[in-house]
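These come from TrEMBL:
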COMPBIAS  1-27  compositional bias 'Basic and acidic residues'
COMPBIAS  40-71  compositional bias 'Basic and acidic residues'
COMPBIAS  94-135  compositional bias 'Basic and acidic residues'
COMPBIAS  136-145  compositional bias 'Low complexity'
REGION    1-73  region 'Disordered'
REGION    94-149  region 'Disordered'
C-alpha cells in the first residue's frame, strides 16, 4: 500500500514538472514570437558591447604604456639611488679616513706635548741641580795663550804721479741716414 502511494505521488510530481516545463516553453515561444523586434535591440546592444570592448582594450593598451613609462621612471630613480648610495658610501669612507687621521694627529700632538713637558722637567731638574752645586762649569776652562805684540809694519811704497796719455784727434765722420739704417748681412 505504501509502495502504491509512493508511485502515485511520484507520478503526480512528474505530471506537475511536465506541466511546468510546458508552461515555460509556451512562454518562451510567445516571447520569441513577440521578440522579433527585440532582435534589433540585441544587435544594437551587441554593437555597443563591441564598441565598449574596443574602448576598454584601448584603455588597457594606454594603461600598459603608462605602466611601462612608470617602470622606466622607477628604474631611473633606482639607478639614481644606487649612484647616491655609492657616493654616500665613498663620502663615509673619506670621513672615516679623515677621522682616523685626526685621531692619529691628536695622539701625535699629545705625545709631543708630553715629550716637551718631560724635557722641560728634566731641564728644570738639571737647573736645580746646578744651582745646588754652585753653578759649577760643565767643562774645564781652557788655558789662555798670550802672544807677544806684533812688530810695526814697514811703510808702504808710494808711487809718483802717473804719466798722462794723449790720443791724436780724428777727423769727423760723415754719413747719411740711409747708411746709418742699412744693415749688412754676411
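First residue shown is number 1, and so on along the chain.
Any Cβ shown, glycine's included, is placed from N, Cα and C.
Because TrEMBL annotations are produced automatically, they should be read as predictions rather than curated entries.
Mapped onto DSSP helix, strand and coil, the region 'Disordered' (94-149) counts 39 helix, 0 strand, 17 coil.
With helix defined as DSSP H, G or I and strand as E or B, the compositional bias 'Basic and acidic residues' (1-27) counts 26 helix, 0 strand, 1 coil.
Broken down with DSSP, the compositional bias 'Basic and acidic residues' (40-71) shows 32 helix, 0 strand, 0 coil.
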